[in-house]
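A.B. asks: Before we start, here is the structure in question, set down as structure tokens.
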Amino acid sequence: MGTDQGKTFTWEELAAHNTKGDLFLAIRGRVYDVTKFLSRHPGGVDTLLLGAGRDVTPVFEMYHAFGAADAIMKKYYVGTLVSNELPVFPEPTVFHKTIKTRVEGYFTDRDIDPKNRPEIWGRYALIFGSLIASYYAQLFVPFVVERTWLQVVFAIIMGFACAQVGLNPLHDASHFSVTHNPTVWKILGATHDFFNGASYLVWMYQHMLGHHPYTNIAGADPDVSTFEPDVRRIKPNQKWFVNHINQDMFVPFLYGLLAFKVRIQDINILYFVKTNDAIRVNPISTWHTVMFWGGKAFFVWYRLIVPLQYLPLGKVLLLFTVADMVSSYWLALTFQANHVVEEVQWPLPDENGIIQKDWAAMQVETTQDYAHDSHLWTSITGSLNYQAVHHLFPNVSQHHYPDILAIIKNTCSEYKVPYLVKDTFWQAFASHLEHLRVLGLRPKEE
């Protein structure tokens, strides 16, 4: 792509070009000024603004066919990146190219749109319908309002529906895997702000720019970010403290606080520290500012202010807590069963900041699937039981995962890349508990 001539950029110099009027990014050590391409980008303006001022190699290669954008990018080449902010991966191997070609071929040969399936919209309707109906029942259906236990039941349903907002419209939108319309992605993403009170924008930094490119890499994947000391020890290279003993017996109970933690953390990330672990936050657009604060305000209004007009404070807090904890537990347990388990890998860069592993192979080796044969678990986890499939092809609708699984597993077998899968969710979660137990043990050198 382009010539070898041009200016050299350190990652700090690249980072300064991170606005709508001055937008640079790097791919495979080559820097591009895509400011004039911004309005023509098929993936929308927001996508490029998120990647502005950084090396987006793994993200770019996730969402584009190899070589497909070379002719376009050649026009915008301006120089070479000479230092790295985050870990760097080798050129794609034969395994990576083969698995990508085979899956892309599956869709083109059958003339199937990988981003569209009719059942997407039916599931969204069920999620939002059950959320609104369960909320309404808690406040306005006399038969329910007169029975606290029934209100709690509907609060549980509502909490589960809120979790499904995160696992379906939010998650699909953040990977551009539903329709080809960036406006649809923004609207679906905003449902997370309004119904869950948590930021779609922060999620994009954490998930799309952090977790997916750098899965399980300490210091780069925000999903496994920890403090020192931290309440839990999840990474092999993380320092052990005495409070980690028997962590498998108490840490999972803390997962019920996830939603509360995220809502507060959002504000800190966007407006104070301006980074999510190692993922820098770029200037915030007017749209995202309105969605962020509008979402926070709407969440407080519908979850607290409106209920207080009809129910006593104690009951409002009870129902709020029940729904929040159900949502938190479901999301946390689902996430942990995929990556924070005993058999996955925890890659680390070498002294030059290079991960000595093909990116696609790393995605498979840092991920655990489960319950492939269960349509129920596929439905209620947003297809995260096909997590390795999702990590390799995040821009493909989750409803296609079962159809391309055989291609992926066969290719992994052919190239001797171990594919980890458990028969049930409970086996997968047991692996998470065992991982906590082992890392909670006092190290021999202590």
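Keep in mind that glycine also has a Cβ here, set from the backbone N, Cα and C atoms.
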A.B. asks: Of the ranges 1-5, 96-100, 171-175, 236-240, which one does Swiss-Prot list as motif 'Histidine box-1'?
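C.D. replies: Checking Swiss-Prot against the ranges 1-5, 96-100, 171-175, 236-240, the motif 'Histidine box-1' one is 171-175.
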A.B. asks: In Swiss-Prot, which of 87-92, 207-212, 285-290, 441-446 is tagged motif 'Histidine box-2'?
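C.D. replies: From Swiss-Prot, the annotated motif 'Histidine box-2' range turns out to be 207-212.
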A.B. asks: Between 117-121, 272-276, 352-356, 387-391, I'd like to know which one Swiss-Prot lists as motif 'Histidine box-3'.
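C.D. replies: Matching range for motif 'Histidine box-3': 387-391.
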A.B. asks: With helix taken as DSSP H, G or I, strand as E or B and everything else coil, how many residues of the motif 'Histidine box-2' (207-212) land in each class?
C.D. replies: 5 helix, 0 strand, 1 coil
A.B. asks: Same-chain residues six or more away whose CB lies under 8 A from the CB of HIS64 (heme binding site)?
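C.D. replies: None - HIS64 (heme binding site) has no non-local Cβ neighbours under 8 Å at 6 or more residues apart.
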